[in-house]
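*Asks:* Sharing a structure with you now.
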Amino acid sequence: MRFSLWSLSTVVGMSKVSAFAITNGHQYRLGAKNKVAVDADTKPDLTRLGCDQSRPIDPSGDGLLSAGELFSGQRAIDELVERHQPLVQIESVCYDDLGDYDDDERWQPFVDISEFLKKTYPKVHEYATLETVNKYGLVYTVQGSDESLAPILLTAHQDVVPVENETLDQWEYPPFEGHYSKKDGYLRGRGAVDKSAITGIMYAMETLLSQEEYEPSRTVILSFGFDQECSGFRSRGAGEISKHLEEKYGQNGIAVILDEGGSGILDLGDTLYALPAVYEKGYLDVWFDLEVLGGHSGAPTPHTAIGMMSEIITKLEANPFQPAIIRNGPLHEGLTCLARYSPRAYPSLTQAIRWGDLKGAAYALTQISPNSRYFIQTSQAVNSICAKNNLNSLPEFVTLGVNHRIAPQDSFGDVQYRIAYLAQEVARKYNLKFSAFQGDKDYMEYLAAKGIAPQNEDTGNSRWPPQNYNGKLTIQARGKSYVTPASPTSGPIWDLFTGTFRHTFGRRGLNVVVAPGTMTGNTDTRHYLNLSPNVYRWSPLSPKSFGNIHTINDKLLMSEHIDMVRFYYDFVRNFDKDNDWDMQMKRERKDL
């Protein structure tokens, strides 16, 4: 799961943070004149903002038992625990250095998952066709009777992130024990949340296929990759599954794809929000390699390679990117929904949206929590630095890795030029040879468009004339992925998706609203973009239902996990009986 920060829903009620705006790579404090407020006595008509909602869609009428009948009460929760707990107990960790399938025994847990699913979901394995893609990728196909209807694709991933050995004594229970407490209702363990979609999807399909009345018209595909947490953009799991599915169904041959992600469910007073991600931010890993003259620790140079690299880190972190909301983009639309249906939840944000002041709205959003800015700002995270371990000699080589999630207002060229500009200052200070992004197409095109010469130097202006570091700093970009296209937020597919949510969760007696947006991380859907124009990332979980994703004491509230099963159950049923999108596609192809 590539998202540890689940939108506004994770931060409701948190204290305000200091206010900063970012311009040209520098920070300055915003004055009082920049603040906006809502008159508590005014009751403006906010319907003009937009965000009209589609009607709830009840799948009843197909002769099947309702989700409410099947997935309510403690008995249903206990059965869900029995299905989910053993899956969490399988140590399907995705390590960055996993070797070949036949040579690395750490792949064995993925065999165990396949065997567990066969034992736990017999009806799925009886009626679905199971294809194994690239050894461990699982693709289940429940064939529909009407081949004119495009399939739907539900996806999840089998793998989890590693557990640091140094943290084992900080876990309440062993990380792969899958401990369940009836007292508080949480199931604890690494991957409790990450694997929740597999259990939710498989349980829903098992229940459907157990009923004789279920005779699907539309084909349903389930795909489970195995390296989402460690593959980057060279996926052996979802990447290969995508190729396999494209060969079978062609480009845009699938009606809709639903993966984990988004920002879950947000409860604001009398309104319940679904916050699906309709696009993903871009992705960029940047690696800095610094080679310098070594030496004895007893007679060190004024600055070691680690010290120089630390200066680069300091410069990068002192110059964060600019937050921005793109007018009429999906996030603008989602914030409009919040302003319309919960105007007093975030008064400054509501006022800015009403005025069409997107700079003010961006500022207001950044003040909700320290993390909320990353829905509208390119992030940078210094995640890796490596040098020699011998304390008796100076390091001759240091490598630094920085991860970026690119907001749509920034291009790769923007980001890479800023990095090169800041790093070059350090290179010149220490008279280092300097090479930045040589041969990188995005970067070269950016420089050409701006009329800027490449930042590559053999020497610079040294501030330490007596010291020759005999060094070279090289910067390279790896693991690139562009901001994904935004999926539609209107039309038959969107209406079915949102209508299903409004029905499934309407039982709570709240106003139910779907507000589109993005997410801070990335999912396996980045490999599936050729398969459908309708790609949505959303996990039907509220903030209280999970905790500590990817860190110590992962946990999942099982009384809310059952809501995920309900949603998938209704989602499949609603898409099975509707062909509006398919008819629209036929008309468009005919017009061509």
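Glycine too: its Cβ is placed from the backbone N, Cα and C atoms.
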*Asks:* Among D194, D267, D580, D582, which residue does TrEMBL name as a further Zn(2+) 1 binder in the site formed by E229, H550?
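*Replies:* Candidate in the recorded Zn(2+) 1 site: D194.
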*Asks:* With H157, D194 listed by TrEMBL as Zn(2+) 2-binding, which of these, D78, D259, D270, is given for the same site?
*Replies:* D259
*Asks:* Other Cβ atoms within 10 Å is the metric here; tell me which of the binding-site residues D194, E229 scores highest.
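*Replies:* Result for the most crowded candidate: D194.
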*Asks:* Any idea what the Cα distance is from D259 (Zn(2+) 2 binding site) over to H550 (Zn(2+) 1 binding site), rounded to a whole Å?
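*Replies:* So the alpha carbons of D259 (Zn(2+) 2 binding site) and H550 (Zn(2+) 1 binding site) sit roughly 18 Å from each other.
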*Asks:* Provide the three-state secondary structure of D259 (Zn(2+) 2 binding site) computed with DSSP.
*Replies:* strand
*Asks:* I'd like to know which of these binding-site residues, H157, H550, is least surrounded, judged by other CB atoms within 10 A.
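*Replies:* It is H550 that, of the binding-site residues H157, H550, has the fewest other Cβ atoms within 10 Å.
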*Asks:* According to DSSP, folded down to helix, strand and coil, what is H550 (Zn(2+) 1 binding site)?
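*Replies:* DSSP call for H550 (Zn(2+) 1 binding site): coil, neither helix nor strand.
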*Asks:* So, in DSSP terms, is D194 (Zn(2+) 2 binding site) helix, strand, or coil?
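*Replies:* In three-state terms, D194 (Zn(2+) 2 binding site) counts as coil.
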